[in-house]
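Structure first, then comments.
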Amino acid sequence: MDIDKSQEPSVLSMDPEERKLARRLRIQRRSEAIRKQVCIVDEEIVEKSRTEKQIDASNEMMEKLIVEGDEVISNIRVANDAREIHRREEDIAIRNDLLNKLEEEAKESAKKYEEISAKWSSILASKDPLDIHAGIESQNAKCLEVFAEKDIIIGQLKQELDNADKRFAADQKIQTEDINILIERIDNQTNIISKAYRRELLLIEDVLKTERTTILKNITKKWDELYNERQSNEMSGVERRREIMREYENEMNRVLIEHQEKYRAQKIWLETECEKLQQEVENMKALCMINIEKLDYSYAVLKRREDENKIVKNQQKRRINKLQDTVNDLKKNCAELEESGRLKIEKLQDQLVKAHKNIRELELKSNHFTSVNDKQYMQIWEMNTKNADKLVNEIMRVDKIVYEQMLSLDWEPPKVTLLKKEDLPSYREAMSIIENRNNTKQKKIVSSSELQKEQQGIKSQEMIELERKMLSHILNQISDQTGFFTEDKMRERLLNYSQINQTIIRLDNVFQALNIHSENQVYLLLHYFLPYSYCPTCKTIDNEITLTSEESANKISEKETVDNASYPCDIKDLDEPTGRLLKEIMKHISPESQTEIQNDDVMIEVTNKSSCIAEEGLINDDELSVVAKIDQSERTDAEKQNFTCSKGHLLEIESTNVIKALREFVKNHNEVNDDDSFTDLQSNKQFHNKITLSRSISEKDMIEYWQRYRDIFSPEKEKLWDALMIGLNKYHEILKERQKLIQDSESLRQQNSELRRLLETCKVKSNVCSPKRGTRSANNRTA
């Protein structure tokens, strides 16, 4: 018999696996019962004693009582489980219903809000105040409808919360009643079982007493063992039942706690949802109030503006009449100002030349003072370094004496090493910059002398003609392929001009964007187009573009700097440097084009651009020499190349390669800025010319350099010195006290010696006086 039947799987369980296991166990028990019945029939009939019969009857009685008690207790649990399942299903259904209602209400509110928002534009577009008022009233009514629907949903949710609270209270009441019934039944069953145990025990004892007289001697020992075994089984049964009761109580507490937790979570969720809906309603109300105030304010502003516009119109009419008179006066003043402005410009140009001279003189003075300050700075540094080294050596000497003479220890030099100026990164960097600057200056001087020699060479007339034709073709290609530099308004205005004038103006835009302002830069641009030249006549022989080197082509970046500034279409309105540059371009254009330009009266007399820029001081000498060196070297390389093919045909440039060549030019040789950046160049020149050691050494390196002198001695050593200092001061105080005591003892010795001398004198006097007194007394006696 299985005593712990309460822990067996139940057919009424919620778990399907547990129900399957319970059915399987029930089938096994039935099969075992059938098998036992068959075995009993087959076995021989053994007559049982009265005691055995009574014990069997008692066992059957107790088993029946236990089964009945389990059924009585499990009925309450099954009823609670069924009630809980039903309650959960109802909660899920109610929750789904509420969620569906909330979703439907949210969709309807969103639709109504969209309708309300869509009508605002028509209301704002209306200019009739009555229509605006009617629209606002209709919008207000719709908003109130939305609020009413929200209030209905909120009321339903609150009602559902109240119902949930009531259901929870009823469930708790039923649960407490079930628990009380369960406890009462358990108590009754325990009382019944205990009474049955006692009754059956009494019956068994009576039977045993009747049989004891007959079989006491034979089975005394056996009976004692059986009695002890029975007692142990009884105690174990009691303990098992107590454990079962404890497990039931724990399970009941756990179920109660879980139920309360779920109820609290559900209540919190519903409260948060309710608060969110209330917050949305408040936000909607605030938004509607804000919109109403905005509409009122907008209406008032529009009304006020209408009145102001009427006043402004009248004022503008009067102002136009006044301004017409003012314009006439200003025209007269403008003519006078133009004349005075021209005179001022001439005066300012003279002042500008003088200012450039003064700037050069100031630069020389500044460089002189910079070198003097740098020299003084380095001398002071050397002096401070020597003093610091001297102090460090003196400290190390004293420290060595302290270790060896006072502490009797081996002295070790400090592990931290001092820095030198050459070890500082900023010092080395400044030295390298100064050396590079000196080297570049030397190279510039050498290159300028070589350029002067090379420029003395004279080209052949045939080479000049070929170069001009090639340059004319390249400029035409640039004008055709760089239309994106010209604005739409400029293109419309260019339609009234001839083709050559249009070409010149387009080239002016391109050269302004590329910072091309001199003849040398134009020749340099020609050098970048020559690698892309080909002979259209001899296409079958040489059909591919001959590039100078694949490496230079691979290094071309996709950087384009385009300045879309608009320029005047009339060449006479261009500034002087641009006119000079256009004159240089005209030199390389065919004679037919030149005659056409002369007929249109657009030629401008110019001089050499580079010399003019150098005289005016628009580009500094160093940069001009660099550009001249690059231009001249590359021009000489280009002169070595033929502008014709092997058969004497003039080479041309494909239109697809024009942008590539311009990109190469911008990438590699656009080193000189335009005229407007003169002040930046001057400031950069002063900055680079004034690179000195004293200004280049960083504050961080300076701090690190002098910090090494402070960190050369460790804190432990400083603590040792402080301790020695404290000890020496104390020893000094002790020596002072000893000196004071010695002086006191010397004074006491001196006093003692004086006292001894006085005592000796007193003794001598007393000895001299005593014989005189003796003679006097003798004389008196005799008398």
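Placement of Cβ uses the backbone N, Cα and C atoms for every residue, glycine included.
Curation does not apply to TrEMBL; its annotations are automatic.
Of the candidate ranges 313-365, 631-683, TrEMBL annotates residues 313-365 with the feature coiled coil. Ranges compared are 416-450, 556-590, 731-765, and TrEMBL records coiled coil for 731-765.
According to TrEMBL, the feature coiled coil maps to residues 238-287, out of the candidate ranges 88-137, 188-237, 238-287.
For the domain 'Dynein regulatory complex protein 1 C-terminal' (704-760), the DSSP-based tally of helix, strand and coil residues reads 54 helix, 0 strand, 3 coil.
Taking H, G and I as helix, E and B as strand and the rest as coil, DSSP gives the domain 'Dynein regulatory complex protein 1/2 N-terminal' (78-179) the counts 99 helix, 0 strand, 3 coil.
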